[in-house]
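In what follows, a structure is listed as structure tokens, so that the remarks can point back to it.
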Ligand code: NDP
């Protein structure tokens with residue numbers, strides 16, 4: 001058997017196109033432009049790349065994009081002031097503070113200062129609580145992207161056995177909540193889980209969010225299961241030339257694809273969905289702020 005490849009790049013393009021259409025309708029019917037503000041503190045090269053591509057895609061779907069680039073030694077008070085002004089700005093519907101922050105800044109405090117209605121990353125404690133109690137919330141982008149791909153592939157997820165490997169606040173835990181919300185029977189595995197291969201072998205859906213290159217081999221996968229690989233790991237690739245690298249997921253792709261029913265590749269799987277869902281969340285936040293109905297299929 002060879003798994004169907006779930007093409008996250010193509011699916012993300014479809015989501016962005018839907019967002020662009022809805023943004024167009026907001027402009028013509030309500031004279032509204034959703035606005036996304038990204039705040040970056042410091043010079044982390046990976047963060048700079050993310051912020052650039054978020055800004056570019058925000059503009060491409062017709063939204064307003066604002067970037068605040070602050071120095072590495074920005075004080076907490078100065079950062080909180082920027083967030084306060086964005087909270088109060090009616091043209092801004094989504095605020096994202098790029099993580100990680102420099103060590104001297106308290107991440108929980110900073111995230112907690114964002115208006116929960118504008119918290120398009122879904123990390124504010126109010127949104128975590130709303131998601132955990134099955135209420136309308138802003139949902140973290142990466143797990144939302146995984147959920148959209150699973151729904152698109154399966155239709156209903158009701159009654160399926162799902163195993164999420166990883167219990168981080170940004171991926172593992174919200175992913176498990178979303179799967180529970182769609183009536184899966186959910187197991188959350190982590191570094192202390194006993195007999196992980198056996199736990200994974202029971203799953204109809206496996207979501208791997210560990211951060212360990214190719215940790216999940218094909219012989220852990222139940223034949224026909226759907227595998228969502230969240231991991232992004234960079235490995236040396238001397239075969240491509242000196243100093244070259246390649247990206248791999250947390251799943252050993254070749255062996256897993258031989259048994260799975262469907263699988264997301266790395267790159268080109270979950271990754272592109274994350275930014276698409278950030279745009280979807282900004283649109284949702286704009287609709288909610290203006291008392292308008294939310295577009296179909298872009299929220300949990
Ligand atoms: P974290 O490091 O915060 O969490 C990793 C989790 O994996 C922890 O819960 C840890 O368990 C668990 N874990 C570690 N080792 C093992 C093991 N041997 N067996 C079972 N579980 C283990 O990572 P994140 O959740 O932030 O990210 C996970 C991966 O997803 C990374 O590769 C990251 O780069 C990627 N990622 C990709 C995104 C995308 O857009 N595609 C977005 C966000 C992340 P414990 O809690 O017990 O320590």
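Here the Cβ of each residue, glycine as well, is placed from N, Cα and C on the backbone.
According to TrEMBL, the protein has these features:
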type: BINDING; residues: 166, 167, 168, 232; note: NADP(+) binding site
type: DOMAIN; residues: 6-121; note: domain 'Tetrahydrofolate dehydrogenase/cyclohydrolase catalytic'
type: DOMAIN; residues: 140-288; note: domain 'Tetrahydrofolate dehydrogenase/cyclohydrolase NAD(P)-binding'
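Overlay of TrEMBL annotations on the structure.
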residue	record	Cβ contacts under 8 Å, 6 or more apart
166	NADP(+) binding site	172, 188, 189, 190, 207, 208, 209, 210, 211, 230
167	NADP(+) binding site	173, 176, 188, 190
168	NADP(+) binding site	209
232	NADP(+) binding site	247, 249, 266, 267, 271
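Comment: NADP(+) site residues 166, 167, 168, 232; largest CA to CA distance 16 Å, whole number. Helix, strand and coil counts from DSSP across the domain 'Tetrahydrofolate dehydrogenase/cyclohydrolase NAD(P)-binding' (140-288) read 62 helix, 30 strand, 57 coil.
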